[in-house]
């Protein structure tokens, strides 16, 4: 009996050791447990907000988080999904999402790349963060920015197939103009039509391009048709994904997971890393108007007082204020420009500025031919709120009466203005009768 008992005890011990302390979460836990088999259907195709904890059973911090995570799951039941994934058991899936430490909490929202939860590991902040994501999702749906089922089942069989891709087709004729001479961040897939891995990537690439539209440009090159580009960028296998950042002459390969969420997360990280410092440009002519305002979603135009009224010190304070605002919105497709009072008379007339009331600001949408004036004080908080409101669609937008005429003007030299002194004259001289005297009778 004793050998049998000993053997049984060994089996039990082995079972306990093998059973993942895994089970940080039991079958009856309110925390759902995901794996590679159900991750896509439960997370990527979900219609709602999903919070996923990537954990390792042996991780002390993960064990401390377990009761907190379960309580948060209970509070959020029916509002948001709270789940966990054993990253130790499913290393490949964890690597796709760049998991390097435990626990890592990622929040998945339909139609957007996942974001890391960086807050305190306590029930209240976790729940509050989840609710903020839910509210943002609902707000987007109300505003028509995403459909109610954007992350779930396809609503129509053909619409998905016929929808044009947001990835731009690149070739030897347009590559330099669109990519290498551009200031934008580009991520380009070099593919071959017959390549199986490329076909597998295609729907993920299309999804990433759609979600990143307006932020990061994605393009694709058919290497069967574009051998010169393939050779120039030393493409030897398919698909090859190259990142064209600030240094367009030295693109580097993307080596992350070939899924939309990973591509999107990487692209947004690169966008932040490559973001140019914010600028507030002077509106000195038609070219400046075209460059700064024509392509921007919204162009915020400030009309500053004449240099004789504010002097250089005052004007610089206004420009510093505008730079602070631009910094807050540097990830948004906005531009900020300024002009001095009276320099762009037709523009002032069209937007109801001029004669008095400097400084002033308007939100200008050149494509729609509309504008909205700042009706509050020219101060940081008020301007910041004005920019946010304009980004949400604005209130009280007014139509432009045609295209404003922008005239060429000299840029400000950074100095105080010079008062032009007129020649002094004597009132007696002005009133004197200088007509010749006639002595004749």
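Going from the start of the chain as shown, residues are counted 1 onward.
Cβ atoms here come from the backbone N, Cα and C positions, even for glycine.
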Stretch carrying region 'Disordered' according to Swiss-Prot (options 119-142, 143-166, 167-190): 143-166
Same-chain residues at least 6 apart in sequence whose Cβ lies under 8 Å from residue 198 (disulfide bond): 189, 191, 192, 238, 239
Segment-level pLDDT (mean, integer) for the domain 'Thioredoxin 1' (19-139): 89
Entry from the disulfide-bonded residues list 59, 62, 195 having the most other CB atoms no farther than 10 A: 62
